[in-house]
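Heads up: the structure comes next, in structure tokens.
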Ligand SMILES: Nc1ncnc2c1ncn2[C@@H]1O[C@H](COP(=O)(O)OP(=O)(O)OP(=O)(O)O)[C@@H](O)[C@H]1O
Ligand SMILES: [Mg+2]
């Protein structure tokens with residue numbers, strides 16, 4: 001239960017092709033995260049899997065059965081929407097019970113399942129309230145509860161945390177991860193927050209303009225980005241990418257080095273630069289370095305505090321084994 | 001919400017309108033009350049004087065009164081049911097993406113711009129006339145006896161005409177309400193396995209409840225005082241078959257020349273309208289609380 005295979009699916013809105021032919025394999029029990037810049041087609045891809053949009057061509061298989069023409073309800077998938085999409089006139093209990101009621105389940109069974117889901121999600125005290133009387137995080141949990149009770153083959157989450165404040169987001173992130181461990185059900189999760197992607201995913205799918213740029217585990221993407229797009233997209237602060245003479249010297253058309261893999265010295269080093277803005281986070285300091293002759297701006301991450309000032313001269317040297325080399329086509333070399 | 005200062009300013013600025021409206025309403029109301037206790041017949045205008053509750057007695061014991069009362073209720077209820085049911089259906093239909101949506105929407109709203117007298121006359125002469133009407137023509141074309149709507153089913157015909165006029169209003173309000181329904185809710189329900197019918201019943205209809213309440217409240221106010229349509233089509237007849245309270249007041253005052261009794265009827269109509277309003281607010285007013 002919970003295998004999803006996309007074969008050569010495409011999606012066009014009118015003349016505009018939003019998803020060019022795309023193949024993807026999602027295995028049972030996996031936590032798959034779709035990331036990509038805004039408008040790259042993450043939501044569209046998820047809605048295609050859910051059946052809320054028809055594919056223009058290609059096929060979708062769920063658990064080995066062709067589900068391309070199957071209605072959303074019959075695919076056995078549950079979706080948690082960004083706006084939660086709770087039914088405002090129903091109590092929390094009725095919201096969670098709605099899919100069961102639609103399936104024609106008896107009242108007792110419905111209640112038992114709702115209570116069980118509510119206790120998992122800490123909603124027991126709120127069952128008789130309306131969604132309007134709940135906080136954002138509680139609403140989020142109700143939406144998840146409504147998805148859980150159906151015991152779906154897979155969960156689909158479309159940016160479920162983007163309406164929550166930062167602290168709550170961290171909490172809910174953990175809760176969803178916990179839930180995934182507990183239920184061991186396939187989960188597909190859309191986000192443009194790469195911290196969410198890195199921390200939660202078993203497998204990350206990086207999308208750009210509907211194309212899959214790379215599929216892989218979080219660390220694989222971090223250590224071996226397949227091309228310059230993934231290299232620049234995964235990791236925070238962004239990887240420094242430069243081309244030109246220096247890059248050729250180091251063996252690539254474009255060479256990338258992550259801010260955390262640059263060593264800083266005030267006396268000597270491979271590249272000389274001038275300090276611009278420094279961002280002090282306490283645990284780390286991010287230095288913006290200019291005039292290095294590589295690109296306009298090189299970001300450096302230094303552990304702890306670093307006593308440099310705006311305008312100071314600074315020397316940078318990369319960890320040579322942490323360099324990423326890319327060819328003229330943007331693909332990784334070696 | 002607002003500061004003390006802005007509230008004062010607001011009161012100050014609506015004052016002229018309020019005073020004007022009060023005058024506009026209070027003076028006729030007081031005169032109606034005054035006449036309802038006076039003897040005032042246009043045929044014998046020189047015989048005047050206080051008559052106590054005699055006018056009220058006459059109006060209430062008038063054999064036409066009960067008919068008028070039931071007709072009024074039937075008219076209001078009939079039109080409400082037709083406009084709300086058809087309005088919901090039409091609103092859902094108009095909400096679907098389709099070719100020429102803008103024009104279709106304008107066409108649907110058009111009847112609301114036609115004056116009641118004009119539309120009633122058009123219905124009477126062009127559609128329902130047993131000799132020249134389109135319906136009669138259609139009936140004859142398929143070999144049926146033309147039906148004389150206005151004399152054989154006068155009240156139903158008027159309900160039909162008035163519904164035609166008010167349907168656009170209901171549709172418009174309900175359409176805007178439907179458009180404000182979050183499409184993700186519908187999609188969530190679809191994924192939850194709700195059939196189109198259950199989706200309508202469990203999601204759309206509850207969402208529309210407030211708009212439906214507004215439609216019912218506003219329409220009731222206007223439907224209780226339907227007059228022009230009756231005047232130009234049936235004249236309340238045959239007999240009293242299509243006389244409502246408003247028309248009865250008119251008939252007493254200006255056809256029987258008894259202004260006193262007509263005024264008493266007016267006061268009674270006001271009281272009844274208020275009773276209806278209180279009932280309505282009790283029953284469905286809670287829908288309006290957010
Ligand atoms: N119903 C539609 N009609 C036409 N174009 C659409 C429609 N829905 C989406 N698109 C287009 O498809 C592209 C992908 O949209 P999508 O909503 O999948 O982006 P996304 O990756 O989810 O972005 P975000 O992170 O902002 O949510 C966009 O360019 C959008 O303009
Ligand atoms: Mg999206």
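Backbone N, Cα and C atoms are what each Cβ position is placed from, and that goes for glycine too.
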To which of the residue ranges B:187-207, B:208-228 does TrEMBL assign the term transmembrane segment?
B:208-228
Six or more residues out from either end of the transmembrane segment (B:264-284), which same-chain residues have a Cβ under 8 Å from its Cβ atoms?
29, 32-33, 36, 55-56, 58-60, 69, 76, 213, 216-217, 220-221, 224-225, 245-246, 248-249, 252-253
How about the transmembrane segment (B:208-228) with the transmembrane segment (B:73-94) - do they touch, taking at least 3 C-beta pairs under 8 Å (6 or more apart in sequence) as contact?
yes
Candidate ranges B:12-37, B:106-123, B:155-178 - greatest C-beta contact count to the transmembrane segment (B:73-94) (under 8 angstroms)
B:155-178
